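Asker: What TrEMBL records for 111 is active site, proton donor. The annotation N(1)-(5-phospho-beta-D-ribosyl)glycinamide binding site is assigned in TrEMBL to 14, 15, 16. Sequence annotations record features per position, and here TrEMBL assigns (6R)-10-formyltetrahydrofolate binding site to 67, 92, 93, 94, 95, 109. Here TrEMBL flags 5-184 as domain 'Formyl transferase N-terminal'. Among the features that TrEMBL reports, site 'Raises pKa of active site His' is placed at 147.
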Ligand code: GAR
């Protein structure tokens, strides 16, 4: 029997973390954020997690010999906390085989472009510099590639000539904060219904 405990992996300001917590509190998302994992000890999201009493696992990758070593420790933390789903929200690292093997098909990521356009770092800046007239947000399953897993949801955003990169970022984030909780809810419900 599956539970709906999720771990959020984040290393930034945590606006998506906030949006997920708000959706749970509003009764729109039926899950529990049972762990926050961060690879950046100074990340703002860690303070937010502490204020919300979300348990945290914060690590510094430089303290480990390799990715397999820190991912093994992450897996142990996930298992101790009974985590069923991993939700990446600004975790800027490729997920390696150690984590993928344990959580196959149960790792989601959000990316601020219409994939497969503009994968990797600074997707909003990449789109702005390319002068595209439409960009957006993608939510996808995570595989071993860089933002390459199966796409679950996308929402487009028209880009006008007047928009600065800051405007673009604000509007992308507004979409993210709505689309991520909705999509997490759909994926969890659908998977539980199938009895996986
Ligand atoms: C989000 O915009 C997310 O799409 C992006 O990091 C930001 C985290 O913001 N992720 C990626 O670019 C993944 N390749 P937040 O810390 O405010 O949630």
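Backbone N, Cα and C define each Cβ position, glycine as well.
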Asker: Just to confirm my parser: what is the rounded mean pLDDT across the domain 'Formyl transferase N-terminal' (5-184)?
Answerer: 97
Asker: Cβ distance under 8 Å to residue 16 (N(1)-(5-phospho-beta-D-ribosyl)glycinamide binding site), same chain, sequence separation 6 or more: which residues?
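Answerer: In sequence order, the residues whose Cβ lies under 8 Å from that of residue 16 (N(1)-(5-phospho-beta-D-ribosyl)glycinamide binding site) (at least 6 apart) are 8, 10, 89, 90, 110, 176, 177, 180.
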Asker: Quick one: Cα separation, residue 109 ((6R)-10-formyltetrahydrofolate binding site) versus residue 147 (site 'Raises pKa of active site His'), in Å?
Answerer: 8
Asker: In terms of DSSP three-state secondary structure, what is the assignment for residue 109 ((6R)-10-formyltetrahydrofolate binding site)?
Answerer: strand
Asker: Which of the recorded positions 14, 111, 147 has its Cα nearest to the Cα of residue 67 ((6R)-10-formyltetrahydrofolate binding site)?
Answerer: 147
Asker: Please work out the number of neighbouring Cβ atoms within 10 Å of the Cβ of residue 94 ((6R)-10-formyltetrahydrofolate binding site), leaving out its own Cβ.
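Answerer: Counting Cβ neighbours of residue 94 ((6R)-10-formyltetrahydrofolate binding site) within 10 Å gives 13.
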Asker: Here's one to test understanding: among the recorded positions 92, 93, 94, 147, whose C-alpha is closest in space to the C-alpha of the residue listed as 'active site, proton donor'?
Answerer: 147
Asker: Using Cα coordinates, what distance in whole Å links residue 95 ((6R)-10-formyltetrahydrofolate binding site) and residue 14 (N(1)-(5-phospho-beta-D-ribosyl)glycinamide binding site)?
Answerer: 19
Asker: Filter the recorded positions 16, 67, 93, 94, 95, 111 down to those with CB closer than 6 A to an atom of ligand 1; keep them in sequence order.
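Answerer: Going through 16, 67, 93, 94, 95, 111 in sequence order, those close to ligand 1 turn out to be 16, 111.
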